[in-house]
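Heads up: the structure comes next, in structure tokens.
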């Protein structure tokens, strides 16, 4: 009797060990029909309506949307980790152009969309956007473009009125033909409205000015065409940096870093009155500000002429268990029709010539932004935008520069120290 | 005086086996069974503890991409690490926050336990109350503390009248904020351990001391503290391990960024290790950081042990 009990105890213990060993494996593919596709996005893509429609048109497919607001420090590291370790990534993932550039040399990690009829879509995209989606060796189609980033300046009409500045968008644009006059306007503004800063933070403007300066210097920023680190010698980087450090000295910046929770709170607390806004930023502004600020934002031309900042792509990681279905979904989401829907939802400027020419885009007015003719402001310049050539380690270097700009805003570094440190730390990350 | 010499007699010895079983079965029963019964822990420990520990050494001797190429480079990771300013910055931050968080935390826990050990109304409620921080979701903690220590419209800035103070900008301020977070989460846990140990102290010691005229303060220092020594050693060591491998709180304070502030003001060694492994995919270098952290913890634990052993003035 005694020994039976003992062996029972041993058996129970061993069973426990076995259970602990096998508890990790799970199976969620589900037998028949039902497929769940996970879509990873950052910021605002405006896909909610499209997901519902796709699920309705394609019974048996369920879409799980995982959105992360913060891009550089949360979304990108996680995505790279998933790709590196071969599991965890969504079936369709959104890639910002800098990240895509980083990954173009690693085409093996992504499904070649040509296998799923991607090649026929060539004419649906602006030529440069299409070629950015090719892998570095040109053999596979890694990603399809979602939007491009024409540049404008968003401003708060109610706060401008308080400061005695004009509120009409054409007159506002006349206030700042150049960045110098933009700074002057800022000084005037803050004299009247001392509790609100003129600019949200240094990082947003730095990226915007850099995207404007890049075309003047061969369309490159931190890296030249041969991927050599040139942040120290490229006048574009230096002038963008000098501009924002001057802005900091004039105390025009609220010192908020884009896409942080503090920055998001700032929208609702009148922390800042203007913000450089690429087309896709309008959706972000609307989402962060909420209904209370309906019609309080407007869009004017950006000082110093147009620029091209950002714009994204969709890709299907090879680790996806349903590459065909995922590719179909990516094709659907980047189709001209879907691009128009996304434009209407979050002002993501289409990259499809057909969508850009569509009256729904061309003549579009954005209700939230005081009926601003966003189609006219953004779409007309889209075809003339030039792609900025980014280095493989662009995101790493940009993160260094942004961190140091935050430190500059915190008065932890002088402008000189900040520039030297940014260039040096950037070089460390570039190598 | 009480006569304590009369204790109940020891229980009578169990009667000898009347029917001896086979020698082998007895041997198995006496020698093998105990090992068999404790083995699950050791099996799991060697699979999930010992093996990764050894494997990390192996990895740290390579230039090892997370899922890519690897190349033997001997101790190169370690020599690079010793000259790495960012690493030493993270060591400074970790030790700084450890001191700033752990010392007040253990003292506070001791005081809390002493208070909870007294007779009072709703004692159970208070005792359970100290556990609330431990069962609060980490995400909620992050959100709440993020709001409390926010630069604009933050509660702490309002309370201290330090408008516009950016708590993430300086070492002293970020360390303080994170230490508050750590103490909020862990003081109750340590207090409960002390409380349990306090309740195991025989009452008659206090009675005797009272009769001899010792004040309650004297009783605390001369009876409670010496009797708590094993608990104090235990909490010191667990807090040392926890404090030096601090990760969650500073990461939450930075809203999920492992960089720890614009200039690494509060990047801990664990965050630096994570950054190398999962941001730069330098698995070898991260393993070297992990081993340095391990050594550091052993060293600090040893010193804390020496220090706490002297508590109570014993030789």
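Backbone N, Cα and C define each Cβ position, glycine as well.
Note on TrEMBL: of B:41-61, B:62-82, the range annotated with the feature transmembrane segment is B:41-61. Cross-referencing B:165-185, B:186-206 with TrEMBL places the feature transmembrane segment at B:186-206. Counted over residue pairs separated by six or more positions, the transmembrane segment (B:283-307) shares at least 3 Cβ pairs under 8 angstroms with the transmembrane segment (B:41-61), which defines the two as touching. Long-range neighbours of the transmembrane segment (B:186-206) within the same chain, counting only residues 6 or more positions beyond its ends whose Cβ lies under 8 Å from a Cβ of the stretch, are 2, 105-106, 108-110, 112-114, 116-117, 127, 129-134, 219, 223-224, 227-228, 230-232, 234-235, 239, 242.
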